[in-house]
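First comes the structure, then the notes that go with it.
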Amino acid sequence: MCGIWALFGSDECLSVQCLSAMKIAHRGPDAFRFENVNGFTNCCFGFHRLAVVDQLYGMQPIRVKKFPYLWLCYNGEIYNFKQLQKQFGFDFQTLVDGEVILHLYNRGGIEQTACMLDGVFAFILLDTANRKVFLARDTYGVRPLFKVLTDDGFLGVCSEAKGLINLKHSTSLCSKVEPFLPGHYEVLDLKPSGKVASVELVKFHSCKDEPLHVACDTVEALPSAGFDLETVKSNIRILFENAVRKRLMAHRRIGCLLSGGLDSSLVAAVLLKLMKEININYPLQTFAIGMENSPDLLAARKVAAHIGSEHHEVMLNTEEGIQAIEEVIFSLETYDITTIRASIGMYLVSKYIRKKTDSVVIFSGEGSDELTQGYIYFHKAPSPEEAAEESERLLKELYLFDVLRADRTTAAHGLELRVPFLDHRFTSYYLSLPAELRIPKNGIEKYLLRLSFEDSNLLPKEILWRPKEAFSDGIASVKKSWFSILQDYIDQQVDDLLLEKAAEKYPFNPPKTKESYYYRRIFEKHYSGRSSWLPHYWMPRWVKATDPSARTLKHYKSATQE
């Protein structure tokens, strides 16, 4: 994890512009570099480093003697870099996984490069010999990337939008800063003036397609094909374990978030098992946050005892959670209701990890709900086919919601997140299964995933079959949800008259509740006029929901009242 920033064709003094690069310093607390591009005095790179792989030669922009005309700034991890090196005979100059991007580009161009990378990434690649700039982002947008491009060819690129919104430019002070689309690369021409012109934006991978890099995976071919249940369950276990194994690549201590729900518990259990197998000689630290006797804390405690992790509990008090709201919204760059609610706990547990432990590489369970139809409203899907379509929609929008939350809350404290459920190979296989296999069954969501691990003894049965609990709700008590606590506080902060006139003040995505008004007001304070970053609020489908919390849905109420 790190922070990348670059400008091309700046009219303003670069020493002033580079102050914007310092807005993302939290993403790389270990080192910082600011470097001008030879021959292009108005082009530069900024880089904040969190040293996780090759601590000696990992500074960026990466340049190697073999390709002196290539400059690379990237944020991410390329899990198959050693396999690619072996397959193509690449002669590496460093131990940095990202160096493989330079060799792949030299060998086959940008399209092959993007398609062959198994990992999470956002990168800026400059080719001064051919006068090209390339931007690319991984399939699910696990690593963030924003850009601004003016009509006269000034380009700014950054890991977070906050590093671009205050850039100065002669023709436009308020150019549109927007997220770079996941699963895409863009080709831009670099003019002698240092300005750029966009040539094409190409979608290189879709979540349903088996990735091209399967040929360079540690599990090259699945032992058996077909969709009979035993085969499917076996393949799910093999691919998920493979997803966790490849993410063990780190020179810093590994930890794991553990809410006690199915997803984080599976990640923690498989992670600890594999760490033992490869003789990692320190205990796995797991981290849970919640109010006293909250469902998450109790369940996480049970999982930690079962798997034998060094477990840490962070007690959340109401005042601390409320006080964190503004800094959370500033970090997130969104005003989405459920994202903010869920982020407060994750932000505070990340703060604890940074201050109190030496774990830096943090595993988590993001992506599972979208992939395996884990949200409670999937019980109301009209058909398996519509449920499958909804699953794909949620995956495509992860970069706006759960993946955004997971990245910003951890990166705010200099931690690196790893999310095995969003492994390209695992997700494409799961999405290839018949729609009927993937839907909730017997009143239980994620039925197929649970069934696949039933005989593994990785988790206690009551955890493996624990019903879905939203992270923002599970950290509070059963009697009073976290969202109810927030609403009670916010009710005193927003006047009824303000809410009545909300649509006039905020015509795009107008707030409908005091809670959403309060979040929007804080967002506009820091990112005025940038409301289009959120195309729509996250809401359940197929139910008449007025609130995104799972605890407002009938299925949750009936399950907890039995």
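Note that Cβ sites are derived from N, Cα and C of the backbone, with glycine treated the same way.
Here TrEMBL flags C2 as active site, for GATase activity. Positions annotated as L-glutamine binding site by TrEMBL: D97. The ATP binding site annotation in TrEMBL covers L257, I289, S364, G365. TrEMBL lists 2-191 with the feature domain 'Glutamine amidotransferase type-2'. Taken from TrEMBL, the feature site 'Important for beta-aspartyl-AMP intermediate formation' applies to E366.
Our reading of the ATP binding annotation (L257, I289, S364, G365) yields a largest Cα to Cα distance of 15 angstrom. Recorded residues S364 (ATP binding site) and the residue listed as 'L-glutamine binding site' have their alpha carbons 22 Å apart, per Cα-Cα distance. The average pLDDT computed for the domain 'Glutamine amidotransferase type-2' (2-191) is 91. Comparing C2 (active site, for GATase activity) with L257 (ATP binding site), their Cα atoms are 20 Å apart once rounded. With respect to their backbone Cα atoms, the residue listed as 'L-glutamine binding site' and I289 (ATP binding site) stand 33 Å from each other. Long-range neighbours of G365 (ATP binding site) (same chain, six or more residues apart, CB within less than 8 Å of its CB): L257, S259, G261, L262, D263, S264, S265, L266, V267, V419, F421. If you take the C-beta of E366 (site 'Important for beta-aspartyl-AMP intermediate formation') and look for same-chain residues 6 or more apart in sequence within under 8 angstroms, you find D263, L398, D402, V403, A406, L417, V419, F421, L422.
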